[in-house]
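Among the features that TrEMBL reports, transmembrane segment is placed at 6-33, 45-63, 83-101, 108-125, 177-199, 211-233, 245-263.
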Amino acid sequence: MVIALYLALGAFAGLVAGLFGIGGGLIIVPVLIFSFEAQGMPVEYLTHMAVATSLATIVITSMSSVRAHHAKGAVDWPLFRSLTLGILVGAMLGVNTAMLLPGHVLQMIFGVFALLVALQMAFSLHPKQSGEAPTGIELKCAGGVIGWASSIFGIGGGTLSVPYLTWRRQEMRRAVATSAACGLPIAVMGALTNVWVGLDKPLPEWSLGYVYLPAFLGIVISSSLFAGVGARLAHKLPQSVLKKCFAAFLFVIAIRFLVVNWVL
């Protein structure tokens, strides 16, 4: 039954990723938290396990995404290289920051982030382009912030890096493609750091550090199959209506995390 849930979660995450061009972390993390709670996993670890497992799945799913964007010549590789060092350092620091936070605090922070993303999607908020191209130092700092925040939330960073890159004069198609490439080092460093820091913790059976392997495998298997379905549907279904529906889903998740953890 639980494996079926992970397969369904992966299918939903892959579908949404294909439809909207965003990673599945915003779906995977909250649903895994609810699943781990229902399974009676340790309260002090389950939120961090959900984030770590989400990052591990993104390692696999982002590879196919990067290949597809690269085949179309859409990835700005020099820009990617300028961001990567900051991303790697930021992702490692982000995991260690998350480890300092109790699970309920981490859930509240995720709730605030999900609420902001919901508002952005519902009202189609996009930054205007700035007048200057970014410097190398700025890109490293920006990569650090994106990597740090993404590894705390368990996401691939697209919701942060795409707005930044479009603000910094990148055409939307190249911004999305380069952002997809940036998701790989975020996920690799975030997942590896979560594995390392969790090796000495009394975590549930079938865990590798903070990564819960049954959930990882179920999500990866189905998400890779359904991402292509989502991409095809994106050309047939009304994007504005779909985005508002997904924004409503994120809004409910955000309110749940904020209200429940505030009461606690």
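The backbone N, Cα and C atoms fix where each Cβ goes, glycine too.
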Short question: most Cβ pairs under 8 Å with the transmembrane segment (177-199), which of 45-63, 108-125, 245-263?
45-63
Grab the same-chain neighbours of the transmembrane segment (245-263) for me: Cβ-Cβ under 8 Å, and only residues 6 or more beyond its ends, written as numbers and ranges.
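Cβ under 8 Å, 6 or more out: 16, 19-20, 26, 30, 104-105, 107-108, 110-112, 114-115, 117-119, 121-122.
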